[in-house]
Amino acid sequence: MSSGILPYRRSRDVESGGDWALNPFDIARTKSAPVDRLQRWRKSTHFVLNASRRFRYTLDLKKEEENRRIRTHAQIIRAAYHFQAAYGPHPFPIPTGDYGVGREQLAAMTRDHDFAALQYLGGVCGLAEKLNTNLDKGIHEDESNILDRKNVFGTNTYPWKKRLGFWRILLDACRDKTLIILTVAAVASFVLGTTTEGIKEGWYDGGSIGLSVIITIAVTAISDYKQALQFQIINEEKQNIQLEVVRGGRRVKISIFDIVVGDVIPLKIGDQVPADGVLISGHSLAIDESSMTGESKIVNKDHKSPFLMSGCKVADGYGTMLATSVGIDTEWGLLMACISEDNGEETPLQVYLNGVANIIGLVGFMDAISVLIALLARYFIAGKTSVGDAFGDAIKIFTFAVTIVVVAVPEGLPLAITLTLAHSMHKMMADNALVRRLYACEVMGSATTICSDKTGTLTLNLMTVTKAYVCGKKIDHPNNMTELPSGVVSLLVESVAQNTTGSVFSPEGGKDVEVSGSPTEKAILQWGLNLGMNFEAVRLESSVIHVFPFNSEKKRGGVAVKRSDSEVHVHWKGAAEIVLAACTRYMDSNEQLVPLDEGKVEYFNQAIEDMAGRSLRCVAIAYAPLRGETVPTDEEELANWELPEDELVLLAIVGLKDPCRPGVQEAVQLCVKAGIKVRMVTGDNLQTAKAIALECGILGSDADTTEPNLIEGKSFRALSDAQRLEIAERISVMGRSSPKDKLLLVQALRKLGHVVAVTGDGTNDAPALHEADIGLAMGIQGTEVAKESSDIIILDDNFTSVVKVVRWGRSVYANIQKFIHFQFTLNAVALIINFVVSMSSGDVLLNAVQLLWVNLIMDTLGALMLATEQPTDYLMDHRATGRREPLITNIMWRNLLIQIVYQVSVLLVLNFRGREILHSQYNPNEKKTLIFNAFVFAQIFNLFNARKPDEINFLKGVTKNQLFMRIVAFIVVLQVVIVMFLGKFASTVRLSWQLWLVSIAIGFISWPLSLIGKLIPVPERPFGDYFINIFAYCTKPRNQGSSSENGDNS
């Protein structure tokens, strides 16, 4: 089936891509598409003039296989190192500079996981001493110390394979098959012309074609080189991970490239291990080493297995590590140095437009063959020339036919999507969006629903404790609780200080303390400081013996601490109603443990509901005292010990205020106007979620707040697949949701035909981010696992930036439609007029040089003008296109037909009746020059029509696009130069000012025609559907009906 006939239906068959047999260029979902499907569509693209250029930014299938082999080879080498280390001697440390251990010894120790070598160095403490590192405070922050470590142990970078240089890109541009043929023909024509006519007159034919080829190659290479530079900048930004290290006693955020040997690095769930190193301390720390070992097994890390490999992910728990090797000294660095070249990817529009180019190329090739046969037949039948002239004229005819192929095969069509994506990705950085996957730009423009987190995305993520219930009662001033008994405060500050992944740094000189950690942790730590907590002193009074890291499924985290009096306390913190349900007692103002009766439970539940109704996040703090003999003493038993989760003592319930972000309400309303439904999916209490949803505008003041509009995650999870499909469309807010609930919602919405965008920041959000059509990870709070599973990173965690991404996505799609409108018109007119004239009179209207100039306007300059248009508010005035909107809309078909019919009619009339109509004695060259001039000006004026295909005021904002205006001016000036001063070069003659006016008038008339055309209504049903139905009927097997029935019966 013709991909040019089929409307572009994004993800028509979401999972199976079942229409492959009908249309190989309709890959529904290139995100995670199997390589074999990509290979099949690549093979189906027959008419490719320059494969190295057309497929430059698509997935390099050969390199993908090469990278796989490199990874396998690296694993084999690693196994060999382990084998050698098991039986080889342990090297003695060789001091380097001011350090007691050498670079090579550190690299060998961590690479081989040589525990004996670590013990020889004195364990982690001895190694830290040799590296001049304080395990609590890290290394010194001064620049000279950092620079010295980089000089001695290397930097945390690896040699990137350079992006294609200008000369390589220029060479790629020279590989165009038709340009090579034209070059050969130009050389032959040059030799023949200079031999018969002499060098002074004989060089024009061959030289003009050769010069045109050189100009085409140069302009193409310059344009491609600029694209390559933009992609290089974006790829470098993608690798620049920001993380925390401990330096000078406080946590500071730095680039992964600035990590040095000796750095103390905190690790938490979802982080990427940034360097090779050893574990200092950890709690339930589990590492996913599959990226290095190829095994999917999660490896637990403790003092017996302390070695950590760069590039691996933290699957669970948290801890701190000491960096021992960086950059090329790590296995990850060696691996990345081999495969660090960005390998490209496919986007749905690239696949589809390659199909369109393939079909148009086929039509153009047939046109060129027909013209070649017709011209040669007419020429030799006449038989009035000598053999020498015949050979020269045959070369001209052949050159002209080849040039038709150059114009007909729209290489610029699939490349235009790369150009507009490169431009958009570069500009989106300024709008706080880092695009990790090319396809995300275009797919985001068709999003029909956005499933957004609440905290940090819709809200500011600047939390403060504004309400508190302690000792069984509401506290009027939650940040000033001097009236509370000391025993309660002591337990609270112990819980706050020990049950946290955050930290508090107190600078010297009485400066304000610095609190770090997640926004929730920071708010509660700040509350503890207000209670009089001395963070470091409290942590020294007891030691952590076991940790249950916060779990997004259970919505709580706990820690067991052993006090100086050997008493053990288990502290829990988490979602208020969940922790409250695990409590059986609370501590009153007399420090007495009071049973939680039904009345008191109802009191606390009502307090939680009231705070949630005021859009506060509710967190409960509880503890359980344990007898020493009930706590495991064996290290292995302690590691597997499950903390007591019931019969807890409630200490406090606090309400954290997190205000809505400014501009979010307007952004949500803009989405509604654009036909995009915003859904809030949050782990917070349903009442809190409802209050924020009302404040943000996701729910209207009169909205239905019953199920399923508002639903809890567990209720949605409990439904069957069919029931979830039935209610998913109506869900506006999902509270107390787990990552599994988010994934189920995404799957249901996609099955209903939605194009789904999902925001996420946690490691457990990775499946939903991967499943969604567009995964949006948060740049500030997002874990590295979430970012790697995403397609776009929102750098400021702001929902308004998500809406800006939608505008850019729609702009990408609209710009491609504009370019198609322009290129299809030019292509069709050029092919039709040359075909008709050559068949009817044995002559050609546009010669090779003129066609190459037209091709330059069409492929490179046209793409630069139309593919780089800035997004406008008008783009958000229409409903989302979704999955089933055709790329070439009915409006575009109407506009195309009007322009093609007009231009073909006028140019053919000029050719056959021009002399009579204009009442003048034009010679043939003057007539051809007029037609060439009129044709080019018709395209220039049509560029303005293409900018606004469905707006009456198509000149709106044109002066703001300076690139567009400069290129239009360049084309006009060059056209004047070609006609008036390069007559021998382009086979033109000078035109009078009257004929210049005629040329401009012919182009200008396309404007009023376009305005009149926009008043003609078009049907809603895409024209392409009619072709699909006809094709399906014609290709339907005769026994299809019976076979399907038999299949059903079976």
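A Cβ is built for glycine as well, from the same backbone N, Cα and C atoms used for every other residue.
What TrEMBL says about this one:
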- 120-194: domain 'Cation-transporting P-type ATPase N-terminal' (DOMAIN)
- 178-196: transmembrane segment (TRANSMEM)
- 202-222: transmembrane segment (TRANSMEM)
- 356-377: transmembrane segment (TRANSMEM)
- 397-422: transmembrane segment (TRANSMEM)
- 819-838: transmembrane segment (TRANSMEM)
- 844-866: transmembrane segment (TRANSMEM)
- 887-910: transmembrane segment (TRANSMEM)
- 930-946: transmembrane segment (TRANSMEM)
- 967-987: transmembrane segment (TRANSMEM)
- 993-1012: transmembrane segment (TRANSMEM)
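Taking every recorded stretch in 356-377, 887-910, 967-987, 993-1012 and counting its Cβ pairs under 8 Å to the transmembrane segment (844-866), the highest total belongs to 967-987. Per-stretch counts of Cβ pairs under 8 Å to the transmembrane segment (993-1012) identify 930-946 as the leading one among 202-222, 887-910, 930-946. Of the candidate ranges 356-377, 887-910, 967-987, 967-987 has the most C-beta pairs within less than 8 angstroms of the transmembrane segment (202-222). Mean pLDDT, taken over the domain 'Cation-transporting P-type ATPase N-terminal' (120-194), works out to 83 on the 0 to 100 scale.
Helix first, then strand, then coil: DSSP counts for the domain 'Cation-transporting P-type ATPase N-terminal' (120-194) stand at 46 helix, 3 strand, 26 coil. For the transmembrane segment (819-838), the residues of the chain that approach it from at least six positions outside its boundaries are 356, 360, 363-364, 367, 370-371, 374-375, 404, 407-408, 410, 412-413, 416, 420, 844-846, 851, 854, 857-859, 862-863, 866-867, 887-888, 892, 895-896, 899-900, 903-904, 907-908, 911, 931, 935, 938-939, 942-943, 945-946, 949, judged by C-beta separation under 8 angstroms. Outside the transmembrane segment (967-987) by six or more residues, the chain places 204, 207-208, 211, 847, 849-850, 853, 857, 861, 864-865, 925, 928-929, 932-933, 936-937, 940, 943 with a CB less than 8 A from a CB of the stretch.
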